[in-house]
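Data first, discussion second: the structure below is written as structure tokens.
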């Protein structure tokens with residue numbers, strides 16, 4: 001048996017995030033949990049002495065080519081296609097240009113500069129596949145979501161994922177040296193839907209910043225947004241799109257007189273076509289006087305959103321994990337979530353909140369009411385205790401183990417001279433070779 005101590009730790013990792021930048025504001029456009037994941041894991045890796053370069057597509061002429069984020073972490077904005085107006089479904093046409101930008105950046109380093117390529121989402125996997133072959137290093141891939149899973153649980157008005165994506169995902173699954181998933185459910189989906197080799201899959205739970213997302217004064221948090229202190233508040237945080245199902249919360253709230261709804265997020269995906277849909281729905285349901293809409297919030301303000309709420313609802317039709325659920329619980333706020341994907345892991349049913357099977361409005365209203373009636377102090381403590389197990393430090397422990405396995409297995413299959421890893425070390429802190 002190979003011991004963990006026998007495994008090699010990478011010096012540098014090239015992280016690919018084609019369609020969305022880790023520096024983008026979550027809750028806007030295509031920015032969401034994946035952005036948080038990429039940024040937080042990069043920061044944690046750097047704290048362990050692993051240098052990280054994140055490659056993402058530039059979306060503005062104002063984007064600097066290289067952005068130092070923290071010691072050991074760089075974001076490279078690669079020019080590939082028009083800066084604005086390019087839909088995510090059109091990005092496959094720009095993968096050649098993006099790949100060229102990535103390879104050119106690597107060519108400025110000495111051979112063997114990166115030890116691992118980690119791609120996020122299938123678009124990045126296509127680029128990572130080529131980079132892996134060019135650089136002779138292992139490819140680790142995180143899908144985050146799968147087309148087949150999303151298409152099997154489409155919400156009304158949501159657009160199905162294109163066949164091109166399903167084909168691309170299969171190619172990446174076949175080519176990746178290791179596959180990282182959020183939960184065992186996702187691992188089984190890769191096996192059943194894409195015939196993935198289970199021995200190449202590592203389950204790595206995402207985390208939460210337990211130094212930022214902490215319990216605090218509910219009244220003080222409500223004062224930040226001018227919210228009343230004498231009403232029960234149920235919050236929704238995330239992108240406004242059919243997949244996330246914020247309409248389910250509004251319809252359930254219509255059956256719960258006295259409950260106020262707080263929605264924080266911006267339109268995304270199919271929701272971009274009708275950004276005012278929820279506002280109109282609240283009017284139609286006659287609850288517009290007890291619904292507050294907020295734009296996407298910074299992390300610091302998001303903490304106040306969670307603290308202000310008595311409960312956070314996550315009614316998604318599909319969710320590979322559910323970072324919002326864990327962030328809310330870390331703030332001591334219980335969660336009512338759909339029993340889909342990774343949410344049964346993110347939420348401890350009956351302990352830190354409740355899970356709802358399906359999207360029947362009556363079931364959602366009843367479950368929200370039942371959780372709101374529980375003893376709040378005990379529920380808040382249980383929520384924070386459950387979230388405490390999901391730290392980014394734990395995530396990176398598992399991530400490093402996966403990287404090490406990928407490197408060891410790759411070297412066993414593709415021996416190369418030790419000189420490949422030699423050469424001058426590059427300091428991302430100063431941007432020069434040393």
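Positions of Cβ are set from backbone N, Cα and C atoms, glycine also.
Annotation source Swiss-Prot lists 1D-myo-inositol 3-phosphate binding site at 19, 30, 31, 32, 33, 34, 35, 88, 121, 145, 165. Residue 35 (1D-myo-inositol 3-phosphate binding site) is surrounded by 24 other CB atoms, counting those within 10 A of its CB over all protein chains shown.
According to Swiss-Prot, the feature UDP-N-acetyl-alpha-D-glucosamine binding site maps to 25, 26, 33, 239, 244, 297, 319, 327. Cβ neighbour count for residue 33 (1D-myo-inositol 3-phosphate binding site) (all protein chains, 10 Å cutoff from its Cβ): 22.
The Mg(2+) binding site feature in Swiss-Prot is assigned to 306, 307, 309, 333; the stated evidence is similarity to another entry. A C-beta separation below 8 Å, combined with a sequence spacing of at least six in one chain, links residue 306 (Mg(2+) binding site) to 213, 221, 235, 237, 312, 327, 328, 330, 331, 333.
The region 'Disordered' annotation in Swiss-Prot covers 414-434.
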Query raised in the report: So of all those binding-site residues, 25, 297, 307, 309, 319, which one's Cα sits nearest to residue 165 (1D-myo-inositol 3-phosphate binding site)?
Result: 319
Query raised in the report: Among the binding-site residues listed here (19, 33, 35, 309), which has the Cα closest to the Cα of residue 25 (UDP-N-acetyl-alpha-D-glucosamine binding site)?
Result: 35
Query - Inter-residue C-alpha distance, residue 309 (Mg(2+) binding site) and residue 19 (1D-myo-inositol 3-phosphate binding site) (nearest angstrom) - result: 32
Requested in this report: Whole-number Å only: compute the distance from the Cα of residue 244 (UDP-N-acetyl-alpha-D-glucosamine binding site) to the Cα of residue 307 (Mg(2+) binding site).
Outcome: 21
Report task. State the three-class DSSP label for residue 121 (1D-myo-inositol 3-phosphate binding site), counting H, G and I as helix, E and B as strand, and everything else as coil. Result -> helix
Query raised in the report: Counting Cβ atoms within 10 Å across all protein chains shown, which of the binding-site residues 297, 333 comes out on top?
Result: 333
